[in-house]
Ligand SMILES: NC(=O)N[C@H]1NC(=O)NC1=O
Ligand SMILES: [Zn+2]
Ligand SMILES: [Zn+2]
């Protein structure tokens, strides 16, 4: 007997964990219920995807939507719209740069209320770990955080204090017991702050002065230090936005000897170089900074080796006024959550032949597996009906007005991409189509199975 499903997507090239295949996929009651060469049943809605690729909807493991409290920078509403326009169905929001920061249950619940009202797509939240909230980790875990985030160096936000070595050790001991991962922004605080102070004192504030103050060793040293604490405590460690191939090598070596450590990288470390940043200016300032072309080539090698667990955007926008000034002094953060998938299709698949199934793992599957989010991140039976429909060969040049961010700025404005997201579907419902958001906020809170 043929069934009547909520949705059937017909004849798309499905990007499944084991490769790409032409098939139909049916969704009923928000979940994928059938995948077959030809599904005989009918549906309330049918999408003809012939000629297009169907990716699992992306999950961005690392964004700063700044809501509540810094909504003049970005909001959950605008950020989640941008994510959907880029094929995203979920994100994990960082415990800063919202205000107050997510350092206890009360502020977690404040943010949850905003997301319940305003988030177009599904969401998880990071809790923070700072010297001030070692006694709040348990309550944050009970709230349902996906993990904890800490900064080894100054975070840019005074209220979100950096994690000193004592806090790193004790925090990791506690998180190991609770069974939650810690993600660390790894840059050596003493070296970065001394070099920055010296540069400022000498009026050396150019882009190259900034790179010099955040040289590769500051990341490499701190990654190895964090690995030592993880190895000692058994805490699951994730290195945030790793920017140097040498740091990735340290992570891989540690993992090979049994340490529970993995790393995330960000699109811009694979796509832009230091010379691009010099040309583009402060819109492309981030920390750690974007490195040279030689390092970038090695980073692609690491991607081909499977050494990155997932790729995020580190979407960290600000009020444009904060990007206006001398390079060393302005806000560090890049707006990118709308372009990660298209970037990887352009520079990964088309330029370097990265398999599409690997791109799907890096943008959707792995991040949900690492954080134990059930039922999300791949095109498989029983999983959420989350899809990004992609015209793989369609080229487009990104215009500022295409961006759904609160502030229409990004280093990628003016770049030409190959691989356009034409439709995004969250749990069976179309939320973005042909350049427009077509749904009210329907996001729900994602809790890990810890
Ligand atoms: N506070 C904040 O968002 N910092 C982020 N920006 C950036 O470029 N790197 C970060 O960690
Ligand atoms: Zn960071
Ligand atoms: Zn970040």
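Each Cβ is built from the backbone N, Cα and C atoms, and glycine gets one as well.
Per TrEMBL, the features are:
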- 53-430: domain 'Amidohydrolase-related' (DOMAIN)
- 62, 64, 149, 314: Zn(2+) 1 binding site (BINDING)
- 149: N6-carboxylysine (MOD_RES)
- 149, 185, 241: Zn(2+) 2 binding site (BINDING)
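Feature annotations (TrEMBL) mapped to structure.
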| residue | record | Cβ neighbours (10 Å) |
| --- | --- | --- |
| 62 | Zn(2+) 1 binding site | 25 |
| 64 | Zn(2+) 1 binding site | 27 |
| 149 | Zn(2+) 1 binding site | 28 |
| 185 | Zn(2+) 2 binding site | 24 |
| 241 | Zn(2+) 2 binding site | 23 |
| 314 | Zn(2+) 1 binding site | 27 |
Could you measure between residue 241 (Zn(2+) 2 binding site) and residue 62 (Zn(2+) 1 binding site) for me? Cα positions, answer in whole angstrom. 9
Excluding 149, 185, 241 themselves, which residues in that chain have a Cβ inside 8 Å of the centre of the Cβ atoms defining the Zn(2+) 2 site? 62, 94, 150, 151, 183, 184, 186, 240, 314
Between the Cα atoms of residue 62 (Zn(2+) 1 binding site) and residue 185 (Zn(2+) 2 binding site), find the distance and write it as a whole number of Å. 11
In the same chain, outside 62, 64, 149, 314, whose C-beta lies within 8 angstroms of the Cβ mean position for the Zn(2+) 1 site? 63, 94, 126, 240, 241, 312, 315, 316
With H, G and I counted as helix, E and B as strand and the rest as coil, say where DSSP puts residue 241 (Zn(2+) 2 binding site). coil
Of the binding-site residues 62, 64, 149, which ones put their CB under 6 Å from ligand 2? none
Candidates near ligand 1 among the binding-site residues 62, 64, 149, 185, judged by a Cβ under 6 angstroms: 64, 185
Write down the Cα-Cα distance for residue 185 (Zn(2+) 2 binding site) and residue 64 (Zn(2+) 1 binding site), rounded and given in Å. 14
Nearest-integer angstrom distance between the alpha carbons (Cα) of residue 314 (Zn(2+) 1 binding site) and residue 185 (Zn(2+) 2 binding site): 11
In this predicted model, the domain 'Amidohydrolase-related' (53-430) has a mean pLDDT of 98
Three-state secondary structure, which DSSP defines for residue 185 (Zn(2+) 2 binding site): strand
Between the Cα atoms of residue 149 (Zn(2+) 1 binding site) and residue 185 (Zn(2+) 2 binding site), find the distance and write it as a whole number of Å. 8
